[in-house]
Amino acid sequence: MFPNKKTPLLDKIKTPAELRQLDRNSLRQLADELRKETISAVGVTGGHLGSGLGVIELTVALHYVFNTPKDALVWDVGHQTYPHKILTGRRDRIRTLRQRDGLSGFTQRAESEYDAFGAAHSSTSISAALGFAMASKLSDSDDKAVAIIGDGSMTAGMAYEAMNNAKAAGKRLIVILNDNEMSISPPVGALSSYLSRLISSRPFMNLRDIMRGVVNRMPKGLATAARKADEYARGMATGGTFFEELGFYYVGPVDGHNLDQLIPVLENVRDAKDGPILVHVVTRKGQGYAPAEAAKDKYHAVQRLDVVSGKQAKAPPGPPSYTSVFSEQLIKEAKQDDKIVTITAAMPTGTGLDRFQQYFPERMFDVGIAEQHAVTFAAGLAAAGYKPFCCLYSTFLQRGYDQLVHDVAIQNLPVRFAVDRAGLVGADGATHAGSFDLAFMVNLPNMVVMAPSDERELANMVHSMAHYDQGPISVRYPRGNGVGVSLEGEKEILPIGKGRLIRRGKKVAILSLGTRLEESLKAADRLDAQGLSTSVADMRFAKPLDEALTRQLLKSHQVIITIEEGALGGFATQVLTMASDEGLMDDGLKIRTLRLPDRFQPQDKQERQYAEAGLDADGIVAAVTAALQRNSKPVEVVELTTKVTEDMTL
């Protein structure tokens, strides 16, 4: 099945059970072959490479020591699990990663019994593993639950909430802290290795339990002094006092690329009679692949690449991305206004704020994986008179919703939200899709919600946000590139809650929010060719809705189509609510809403995802045709008074 002669040992491994039959001395060769296969696969598909290369040895050791899938491995985030997938029966599909009908780039329960818990967002692993561990305890089972979490994910409060609650799970819960930035402490050579093996050994842990019992019988003052001495000694030796204060038995640091260190330590903690236990493993992203080791980002996420040179395939030239348009316009605004500051949650590159930071390092705040804090931090800055732009992916803004309501909207604070990756996101699939921000933002009193139809509109909206101080305001924009309109010239401050009529018709009206405008215009051309005169409006604002324009369109057309790149409850709901409140549908007006379907769409190319959702020209034409085929009453023809925008460049 696998003719690659460079991986003879890996070729024999179809399941972890077969891995566990190997002689321990063979594991180094297996790890080397697994690293080659991971690089080769990502060279074909693109994806997250550096993090997977950093856990090759750890992945081998975990499956060798623990009885997976009976013992549950719960990977945080999941983008480091390509090697795990190769070892768990999915090697034959590994070159379908992140493609239509292919393997997910993250863990997915429906994909394999070895994926104990699905993940793609950070800092969930300890909570989930605690659930598995408590289920094991309640079932009187000895099955282990192992959370593998990176040091970056430890910046999120959820990880500490779980650790604070973990003591009840006892020995069944093991947390592997994968420290790949050496941000906590580096291993300190032979002494560190010896101490890690020693303090994880059964005799040492038994002795410590005995001494704990002795201390508990001491007078209060002596007992307190003894505990402090124990903490001091362990802190000097290992640096783990903080985790011990949370109720964990700390082991480490351990060299995560040395199987001779890893395996004995993991065996010791597996067989421990007390817990929970945290094992601090130090790794290096991109380990074993020179181009990744040399790269600044350690090849965290890559395009398809030449595995020999490490050179990545370059995207064809085209219009700038929406993210870069946002970033460049924000830099221009900040040069004119020193009250503008920016906040991101561990995504400076993804949100374009790395560019902003080059110009204004003291005005860009990366708060780590802490979206709740990011939103309230922005609220505090706004309350103090600054102009914060809180820049988050749509899917991660979900984590800060209570703060949106309680700390921003209720107080009507002028926080600017830049909601990146809105709508469908292609290869990252359902976990990273920005499906819901429209629905949860338009429901908030005081909130202004905008969506640009092209890159110039985005620049106008950023300019408008910089000059809006009446309350919170947001702009949502998609992953990918613009449509190619000119960005030259002065940007305009848009009147709040005012859309623009792009094309005038008489029978069908398409109300478009966001970047579906291009498809709406294509559909209008086809409908006009069929004798169905079609108006097209770029609504710009989901909230406040342009009620005057909406009212005119609803009164003067037989079929109304709304289209948006969001789930049920967003822009269309605003239109339908207004139509219902004003009785505009009472005489037979047909309104059809095109939005994301009520299901989680799997990974695919973006435009294919939108076509599948019916959010393209074909979908619009089909919706109009279906609406007209139903019986309808005549509609009074009212002359439109809104002028067509003269400078429309699409």
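Each Cβ is built from the backbone N, Cα and C atoms, and glycine gets one as well.
Keep in mind it's a predicted model, so treat the numbers as computed, not measured.
If you look up Swiss-Prot, you'll see His79, Ala120, His121, Ser122, Gly152, Ser153, Asn180, Tyr289, Glu371 marked as thiamine diphosphate binding site, on the strength of sequence analysis. Taking all protein chains in view, 28 other C-beta atoms sit within 10 angstroms of the C-beta of Glu371 (thiamine diphosphate binding site).
Under the heading Mg(2+) binding site, Swiss-Prot lists Asp151, Asn180. Counting only same-chain residues six or more apart in sequence, the Cβ atoms lying under 8 angstroms from the Cβ of Asn180 (thiamine diphosphate binding site) belong to Ser51, Gly54, Gly150, Asp151, Val282, Thr283, Arg284, Lys285. Under the DSSP three-state reduction, Asn180 (thiamine diphosphate binding site) is assigned to coil, being neither helix nor strand.
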>> Restricting to the record's thiamine diphosphate-binding residues (His79, Ala120, His121, Ser122, Gly152, Ser153, Asn180, Tyr289, Glu371), give me the longest CA-CA distance in Å as a whole number.
In response: 33
>> DSSP secondary structure for His79 (thiamine diphosphate binding site), reduced to helix/strand/coil, please.
In response: coil
> Considering the binding-site residues His79, Asp151, Gly152, which residue's Cβ sits among the greatest number of other Cβ atoms within 10 Å?
Replying inline: His79
> Are there residues of the same chain, six or more positions away from His121 (thiamine diphosphate binding site), whose CB falls under 8 angstroms from its CB, and which are they?
Replying inline: Val77, Thr395, Phe396, Arg399, Thr431
> What does DSSP call Asp151 (Mg(2+) binding site) in the simple three-state scheme?
Replying inline: coil
